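TrEMBL annotations:
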BINDING   109-113, Arg216, 267-271, 296-301  ATP binding site
DOMAIN    1-81  domain 'Phosphagen kinase N-terminal'
DOMAIN    106-343  domain 'Phosphagen kinase C-terminal'
Amino acid sequence: MKAEPRLPFHVACRSKIKQHLTLKRYNALKGIRTSSGYSLDQAIRSGIKNPDSSIGIYAGDMESYDSFAPVLLPIIEDYHRLDPGWSHKPGLAEAVLPDLDSEKRFIRSSRIRVARNLDKFPFSGNMTLDQRLALEETVKYAFKTLPDQLSGTYTAFTDLNDKQFKALLEKGLAFRKGDRFMDAAGINRDYPLGRGIFTSRDKVVRVWVNEEDHLRIIAQAPGGDIAGIFNRLRQMIKALDHKLDFAFDRKKGFLTACPTNIGTAMRAGVHIHLEKLEENPSLLETITRAYHLQIRGTSGEKTAVKKAIFDISNARRLGISANTIVTDLHKGLQAILYAEQTSRFFSGPGFG
């Protein structure tokens, strides 16, 4: 008896792409190419090669989201847990929120970042070396035209010797070659050529160039002044938006290589010391769920918590505004700090 044809996913694979890419959908989409030549086979290459992928598909350009919508939309709606009628929510107004830990007893640092891609270029996994270098030159020119309060220095990784590059890595300022998931997607190709970092003069804002996405715009500083960090990031986003055309869709928001990041493409979070809540993980989990936050290890996703330092950040990116993300984080941290000092979850007046 002839075996029924099936897609080449590992039997143990539990990725979203395996779940949503039926053979019928694959056959309907396999012959499609975007204007940059990107195919479905390229899009799912990482998911095929890495059976432990959680998502398993990468967009190769803006068009991917329309060309491969029959499989991408179900993945987006599943991953982001969206309600019917969902849509990206605009909103990047200046934030006015009090510092929750002005004495820096608990919150070690605050960090907010967004991913952005330029609409005239293929995304990172689908770029030639010439395109990477052209994009680098495009954004370098944009950096040179920034207003004084945002000005800084761009450093290409290829201009650094091994010692200098290692020093930046140890400070968390540079980025390494991506993991095997990104490697299989083509994102690591040509590394470190075309890669670099812009750093503002006050060291609060930096921009990674040609990592997983074209730009990773980051604002970070010690302490818990989330509004201050958000407003610095907002200034940089708006300044670059005047010079560069970002990949954007009215329904899906800002488009990224990985569909988990679309929408605001924002992660807002803190490193926070929670000695008591480390011993009461169920209470911490209850609070974070209530405020749409997620708990990660000290060094990020899939890492351990060390010395009771947690990474707490937003769990939602699509269907809400950037301002709502920051407000949720602020309210959630207020509840977390209360619980750390009282071992109680309070969500009454003042906690939203």
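We number each residue from 1, going along the chain as drawn.
From the backbone N, Cα and C atoms, a Cβ is placed for every residue, glycine too.
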Confidence summary for the domain 'Phosphagen kinase N-terminal' (1-81), mean pLDDT rounded: 94
Ser109 (ATP binding site) CB neighbourhood, other CB atoms within 10 A: 16
All-chain count of other Cβ atoms within 10 Å of Gly300 (ATP binding site): 11
Tally of residues which DSSP labels helix, strand or coil - the domain 'Phosphagen kinase N-terminal' (1-81): 37 helix, 2 strand, 42 coil
Spatial neighbours, same chain, of Ile112 (ATP binding site) - Cβ under 8 Å, 6+ residues apart: Ile218, Ala219, Gln220, Ile226, Ile229, Phe230, Leu233, Met266, Arg267, Ala268, Gly269, Val326
Greatest C-beta neighbour count within 10 angstroms, which of the binding-site residues Arg267, Val270, Gly297: Val270
